[in-house]
Amino acid sequence: MARLLKAVTVCALAGIAHAFNYDQPYRGQYHFSPQKNWMNDPNGLLYHNGTYHLFFQYNPGGIEWGNISWGHATSEDLTHWEEQPVALLARGYGSDVTEMYFSGSAVADVNNTSGFGKDGKTPLVAMYTSYYPVAQTLPSGQTVQEDQQSQSIAYSLDDGLTWTTYDAANPVIPNPPQPYQAQYQNFRDPFVFWHDESQKWVVVTSIAELHKLAIYTSDNLKDWKLVSEFGPYNAQGGVWECPGLFKLPLDGGSSTKWVITSGLNPGGPPGTVGSGTQYFVGEFDGTTFTPDADTVYPGNSTANWMDWGPDFYAAAGYNGLSIKDHVHIGWMNNWQYGANIPTYPWRSAMAIPRHLALKTINNKTTLVQQPQEAWSSISSKHPLYSRTYSTFSEGSTNASTTGETFRVDLSFSATSKASTFAIALRASANFTEQTLAGYDFAKQQIFLDRTKSGDVSFDNTFASVYHGPLVPDSTSMVRLSIFVDRSSVEVFGGQGETSLTAQIFPSNDAVHARLVSTGGATEDVRVDVHNITSTWN
């Protein structure tokens, strides 16, 4: 018998309220976070009938990981979000949980290949990992072992509000492929999409501890055939999870390439502790992903990092958008300390949605990201602060009081004599508390320094400095766009080829900023600061 998750019941269990105050300390004002409780990976990202759906790993019963369900939020512009009732509630929640709903994805089955559609209604189909904490015989008659991870599906006929699990045959991919069936406890995170050229559904899922991805195809989302494997390549310092596979335009033209993304935990970017996300560029023929030669490196630590900071993980892409409009969202936290960040009554936020494309930069096909929200509706038209300096002498100059939520556009010459140039953000009046975002000229690296960013007491690795490579542009200029919220900083460098994302937990009165040039003068400086208003109002 199928299991229907009714919105009214789930709503009561989840404690969803019609009116809520999003003004707590550290509450991001233009980053999505749940009203309360624990959140991690973004799941089931789907654009359908003018609505962006954001599902996410969620504990409806507390601020720590557990009872993992699929939370749900919707938006018409990737900016203003409305939290919805829990979509998939852990089976047995409130007593003995027998199945949790781990990460996955969702599609609109517009041709009703699954047969779930009725009365002309398009079925939305979610594919997720069923985690079984106890050995059991399932409604489908299948047996599973304790701690088994398998791939299952559910469908919705009301545009994602309520979901019916496919209990007659779940899980639809019960075990890892041979010869990896001993990995049944680490087989997870299906990303499913429609492949036009082959007219088939494709899903990529992780065999986590082996640093492998398994690729399957299907005609109907129910019956799956293994067609290839990918990996291990590049960074292998921790498990591989939360994979993605998608096509992007190259250099804004008609040429395209395919991209695989894979989360890694631990073993993230150099200088970080904990999780990160790497990517590969290549070709996909409907069954096999072949990486480009220059996207694979010798050894098992070098990688193409999607973000070089500590707080961008489990990045997932939207189904339902054209390839030129591709958008990804990442979890803005880190498994190293995620359970201990000082927020209440919620824990974790999502990073800014990012538009993805491929560009040839320094003769290499490179993933570029641009922050995508309805900026015209929340960002001030005129800057709060704007200055230009033909020469910015060694030392510092205070900027205006910037507040808690703003964007900084900063550019300067790469031929400067300085060793570093930076802006101190979310700083106290005496600058004993501050976060520094800037550039190291000799190393050609962006850096983000949160060692004095506020509360760093909850984890001994949190107070750190992070770096990401950025070669100056063809005019020998360095360009940074920096997005600051109440508890986060996201830096985008150049054309978006380098980003660094980090949480910070500053004092409420840390609203000051200043420019700092060390080791000499910085040339051709321009800085513009724009206010960003709350999306929760």
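Positions of Cβ are set from backbone N, Cα and C atoms, glycine also.
What Swiss-Prot says about this protein:
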SIGNAL    1-19  signal peptide
ACT_SITE  ASP41  active site
CARBOHYD  ASN49  N-linked glycosylation site
CARBOHYD  ASN67  N-linked glycosylation site
CARBOHYD  ASN112  N-linked glycosylation site
CARBOHYD  ASN300  N-linked glycosylation site
CARBOHYD  ASN363  N-linked glycosylation site
CARBOHYD  ASN398  N-linked glycosylation site
CARBOHYD  ASN430  N-linked glycosylation site
CARBOHYD  ASN531  N-linked glycosylation site
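Location within the structure of each feature annotated in Swiss-Prot.
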residue	record	contacts (Cβ under 8 Å, 6+ apart)
ASP41	active site	PHE56, GLN57, SER103, ASP189, CYS242, TYR313, ALA314, ALA316, TRP331
ASN49	N-linked glycosylation site	ASP159
ASN67	N-linked glycosylation site	ASN59, PRO60, GLY61, ALA90, TYR93, VAL97, MET100
ASN112	N-linked glycosylation site	THR122, PRO123
ASN300	N-linked glycosylation site	PRO232, ASN234, ALA235, GLN236, GLY237
ASN363	N-linked glycosylation site	none
ASN398	N-linked glycosylation site	HIS512, ALA513, ARG514
ASN430	N-linked glycosylation site	none
ASN531	N-linked glycosylation site	SER379, SER380, LEU384, GLY403, THR405, PHE406
